[in-house]
Amino acid sequence: MAPLRALLSYLLPLHCALCAAAGSRTPELHLSGKLSDYGVTVPCSTDFRGRFLSHVVSGPAAASAGSMVVDTPPTLPRHSSHLRVARSPLHPGGTLWPGRVGRHSLYFNVTVFGKELHLRLRPNRRLVVPGSSVEWQEDFRELFRQPLRQECVYTGGVTGMPGAAVAISNCDGLAGLIRTDSTDFFIEPLERGQQEKEASGRTHVVYRREAVQQEWAEPDGDLHNEAFGLGDLPNLLGLVGDQLGDTERKRRHAKPGSYSIEVLLVVDDSVVRFHGKEHVQNYVLTLMNIVDEIYHDESLGVHINIALVRLIMVGYRQSLSLIERGNPSRSLEQVCRWAHSQQRQDPSHAEHHDHVVFLTRQDFGPSGYAPVTGMCHPLRSCALNHEDGFSSAFVIAHETGHVLGMEHDGQGNGCADETSLGSVMAPLVQAAFHRFHWSRCSKLELSRYLPSYDCLLDDPFDPAWPQPPELPGINYSMDEQCRFDFGSGYQTCLAFRTFEPCKQLWCSHPDNPYFCKTKKGPPLDGTECAPGKWCFKGHCIWKSPEQTYGQDGGWSSWTKFGSCSRSCGGGVRSRSRSCNNPSPAYGGRLCLGPMFEYQVCNSEECPGTYEDFRAQQCAKRNSYYVHQNAKHSWVPYEPDDDAQKCELICQSADTGDVVFMNQVVHDGTRCSYRDPYSVCARGECVPVGCDKEVGSMKADDKCGVCGGDNSHCRTVKGTLGKASKQAGALKLVQIPAGARHIQIEALEKSPHRIVVKNQVTGSFILNPKGKEATSRTFTAMGLEWEDAVEDAKESLKTSGPLPEAIAILALPPTEGGPRSSLAYKYVIHEDLLPLIGSNNVLLEEMDTYEWALKSWAPCSKACGGGIQFTKYGCRRRRDHHMVQRHLCDHKKRPKPIRRRCNQHPCSQPVWVTEEWGACSRSCGKLGVQTRGIQCLLPLSNGTHKVMPAKACAGDRPEARRPCLRVPCPAQWRLGAWSQCSATCGEGIQQRQVVCRTNANSLGHCEGDRPDTVQVCSLPACGGNHQNSTVRADVWELGTPEGQWVPQSEPLHPINKISSTEPCTGDRSVFCQMEVLDRYCSIPGYHRLCCVSCIKKASGPNPGPDPGPTSLPPFSTPGSPLPGPQDPADAAEPPGKPTGSEDHQHGRATQLPGALDTSSPGTQHPFAPETPIPGASWSISPTTPGGLPWGWTQTPTPVPEDKGQPGEDLRHPGTSLPAASPVT
């Protein structure tokens, strides 16, 4: 057994196997496997006082999915990926748990790391909006939809912890956040879907936030405005800007000072598969319940509700298409675009959302990604979040904070000091801190932007809401618990037998049955431990349906008082009772009240000289207690800590060392030298009054009369001065026994030392050898003395009373030393007055008291006329010192005086507006400006007090308005010049010129349109060749709107043809087109079309030459190749660009782009169906839809040895070089 015990002493940590596939029969354990520390607990349901009711903690919502509306497209094929519709099983046994019907609050006891917490919960009725739904989608189509319910979401607090907060759901066990006064905890059931076995207890896992070993949002994991790359969205933003500026949502308005973020929650397939289809809805509701509680934290400074209006579960293929792994920017862009398409267009629709939260387990990069100040914007109010357990709630809160306008703490602001304390907006949102809070910078930034978010002013809730649910019951077996704790295959250990199977759960694997493991925790309450028995609170008890739970303990009767601890000098005796009538059982409470009761006994003084009882206990150790290899003379020492008053602590009179004797003082020992009556008993201080009654509050007056009024007290004081005539101490004065409040002090600097001697015993208690005095506190004669030395003058004080008379002596340094002078004073009862010497002055202490006006009570009203009364106190007439009121005669107390106060009229809170801020845009349709608005109450001192919005009368002034919504000015944009059209001599170059706005749309530009064509000069051509020049003309191209605008294109460079070459006929089918006759003045074109040009020069051409290469012209009505507007066009000098009037006046030219095919009536017959910028366009007489000029980047080369341009006889045509596109 020894080796076995050795092996068992090294226990393996908890290993949790997560079942990621939905519908698997393997138990799902919702432990991440990343916990550095955790605890196991079995919560129970209690009443409002914390008394045990049941181990059933789950509500019925998990067992019933409610009514479901299936809306499946009729053509959608049904396959294995379709979701099952959950049935609504009957409650087990058909009965309801007592006390659950109609309950509005729930109470649970949860043990968290050894500390039992009593949770007080109420339904969170403002998390799910009435009329909201949950949808299941696949391939961007809705499979089915059902109402979204929140019947088991609760918030609340912890009894006895004012700053605690709880956000928990009990759909399937207790799951959520418990925030205590020191740290934050998460709780969740060890295994899901086990409600039917819960009746006798269910194990839950509790872990601190800092136990989650992971990092959340990275510093660069948040998308700011300038980095929000949604591709080419300017036009789309312009469209939604119209809706944003012109559409006003008509919704129910929230209460002033309250805001609601209506959230569309989207969960992709990776989250659904991880948590399971049956559990994911309850899980995400719990997650958002925690987010809602985070935004309710008082450090935020404003009340913000998280309201779910819609839940969408996204299918597998759709999830993959929305999230691009490793690319957060692209993923967020796609999610925001898709979420915008899901928006309900009707602003009054119950599912119209303000903000989108997307949850995924796919690795898109950081833990969160969101645009800053995107709230209420149709495209930018969205956040992408990586889901990784309940800690993801803080990622969601962090990213939503960015969308609300909050920046990272410490980045550009002065809140870096709060990041280590757990601020929600820390750059690294880690779980390494105990309690979350919103930093002062987050609070300030939110207050700056919040007034401009009009969409958050809606109140989406109706007053009526469903009642909280019923609670069913569930349980587990020991083998199942072993599998939960250590993995598949583990079962109850049978290697050894134990008489207490419910003390600890031992498990082993069949592969090694003699190697047993345990978590050192008991099996769950209700686990079967023997036939007919189950485990409960670590004990194996009989099962019984009438089993009594939560049996509180009760006291037995008191025993008789025992013997007194001392025979004289004041002792104690005690009696006791037991908590066994009945004994606490089954989680019941212990008995309340003390177990022992004490009485003071034998309080008369002991005969003989006075002996300090505590000093006697220290002195007994003088003979045998060795400290540092030596024996000492021990005297009592009183510590400053009240908790150590009844411990025996002694001080060495030789060395001053203080030693704890590791035992308590004897019963009846005084607790403190400052308290003459309270005594120690069983190591605790028992308060005793001056009447010797335990627990009495009676006290002595100044001269020791119990409950007296100082009327019998006398003060004796005097001044003494004597010169020493011989060596030795000089006796100055004797103070009698019973004296109190003794003060002795030297009147001037003197080398004398004060010496105190006990007149009865003759022993010295202070400076017996005249050592140099030092300031110290010591005990003697059962009293505490304070010896102080300041500026060479010594003083001695004690509160008394003196048990025996003392003598005050002065010890000079040498014989015949200087005169010593002392002043002394003490208080004594008149019956104990000594004979008064000539140097003593007896003062009357018959202090009389009177009622005196102390102050005026606060005014009943701050303004508008109030009433206040006088407050009287008890005052001593002699020195007008205020004393306790019981010293004055209550019968003589005067009646209060009444007077009016605060007669000034009350000021009313008013709305105060700040100046309008700068416009967010200089032009366009999205310009808005905001201003701050506060409800302020003017105060009489000229300041103002911030009041809640509901305190101000009238409607809240406008905080946001449109501004500068004018069209943005357009500018000319120029392309690069093309290559020269000629290879030698003179040619032309062309560029594109377009009129565009900043949004990249067409606009109206001021001023003349820049030139699109210019002349280029190259070295002259050699030989007999003439310079080939080509001039550009204006052609028309189709725009996406179906209009035709001028477009200038240069001709293709033409190879040189010898002027001596005879004219044998036209060399291109285009020579027959009259529209090209204007180019006959160009030598190159003249050689190409010599026959047509000669005919044009000789007169009107009756028709085309029927040559073998001639083809009939194909000009048609509406052709994009119009001829010259007048004859002057043909006579224009070569090389000068020509164009239409529109072109000359700077009319905008549309770049080649997609054509609008939705209007066939405006489609040109030569316009291509799918034009591609940069591709070659060509014309064919046999192919309709071609354009006469091609766009190409490389002109077709022509062999130098042939004197004709390169043409394809099958598709005759001439190509033009393309100009560079405008950027």
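Glycine is no exception: its Cβ is also placed from the backbone N, Cα and C atoms.
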Swiss-Prot annotation, disulfide partner among Cys980, Cys984, Cys1063 for Cys1016: Cys980
Disulfide-bonded cysteine for Cys540 as listed in Swiss-Prot, from Cys529, Cys564: Cys529
Second cysteine of the disulfide that Swiss-Prot assigns to Cys568, among Cys535, Cys601, Cys606: Cys606
Member of Cys493, Cys502, Cys507, Cys564 annotated by Swiss-Prot as disulfide partner of Cys535: Cys502
Bond partner of Cys516 - disulfide, per Swiss-Prot - picked from Cys482, Cys493: Cys493
Cysteine paired with Cys382, where Swiss-Prot records a disulfide bond, from Cys336, Cys415, Cys441: Cys336
Residue among the glycosylation sites Asn109, Asn941 whose Cβ has the most other Cβ atoms within 10 Å: Asn109
Residue pair Asn941 (N-linked glycosylation site), Asn109 (N-linked glycosylation site) - Cα distance, angstrom, rounded: 51
Three-state secondary structure, which DSSP defines for Asn941 (N-linked glycosylation site): coil
